[in-house]
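Here's the structure we're looking at; comments come further down.
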Amino acid sequence: MLRFATCFVGCTAATYYDLFNKRNVPTWLTYSLVALGVVFTLATLNTSGIIFAFAVALAIFAFGYLLYRTGQIGGADVLMFVSIALLLPNAPKPLLANVEPQLSFPFVVSIFVLSGMLGVFGIFLKYVPATLYEIIRGEKIEINRTHALLSTAMMVLYLVLLYFLNSIVEMPQVQLAVFTAVVICATSVFSLKEHIAEKHMIRMVSVEDIDEEDVLAIEKMDQKLVSKYKLDKLLTASEIEKLKKMGKRKKFPVYKEMPVFMPYVLIALLLSALFGDPLVYLYPLGIMQ
């Protein structure tokens, strides 16, 4: 209970900063949560458990770092998942359901999957209806043909997988509805990705208005300049210096209005505390055994 309370309070604080501090979660908070996770893990004095927990945390960090370097999630998000891996190696006992975990995945995987699904729903609801309204009003929307084709291919692949899965085991209607909703929302957002990014996320800003860990929209820049200065999407201090060399008065396309992610992690933790490990419900055989 203490480990979950520590994790939940820390995630709540991180969510507050994510929402009301321009997505800037202080490093002292995330580092403190990781440190507490290390302390709790070592305090078990279980050698095999300690090795497993650190191995999972390292794997989460490595995977999260790849997403971080490509501008998909923030550094605070990565450290939050690392702290969850250390603080909550196992799913907490649910308060409102009598569900026992039947899968061997680390609990942090469940939180990552559920928060990702919630994030897809959130992004869909925030941007897709607004885009459809723009189309209804007669605004010209440029849709990337490649994105549209890939979205169609993903939908077809999902239907094929669903057909084969149903031939093996009959899936509950709730699971079918959830999976279908996720795929529809994800493919819709992906097909409109270019318009959503340019209309709602990217802003032209000067170097003085750029913060570390901002994401540079290099796809919107002259590719000759990108190659010449070897620009990266993730704007570290060294990358910002490169932009200064290009001209302090020059403005650059930066993802200044990226959607927040920490609230979805908090909701995933809350749902897990109330109803148990999310993967038990999402896994096709999870609630049928």
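Keep in mind that glycine also has a Cβ here, set from the backbone N, Cα and C atoms.
Copied over from TrEMBL:
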type	residues	note
DOMAIN	7-115	domain 'Prepilin type IV endopeptidase peptidase'
TRANSMEM	25-43	transmembrane segment
TRANSMEM	49-68	transmembrane segment
TRANSMEM	75-91	transmembrane segment
TRANSMEM	103-128	transmembrane segment
TRANSMEM	148-168	transmembrane segment
TRANSMEM	174-192	transmembrane segment
TRANSMEM	254-275	transmembrane segment
Inset, instruction - Count, for each of 49-68, 75-91, 148-168, 174-192, 254-275, the Cβ pairs lying under 8 Å from the transmembrane segment (103-128), and report the range with the highest count. - result: 254-275
Legend entry - Interface-richest range of 25-43, 49-68, 148-168, 174-192, 254-275 toward the transmembrane segment (75-91), CB pairs under 8 Å: 25-43
Legend entry - Mean per-residue pLDDT computed across the domain 'Prepilin type IV endopeptidase peptidase' (7-115): 91
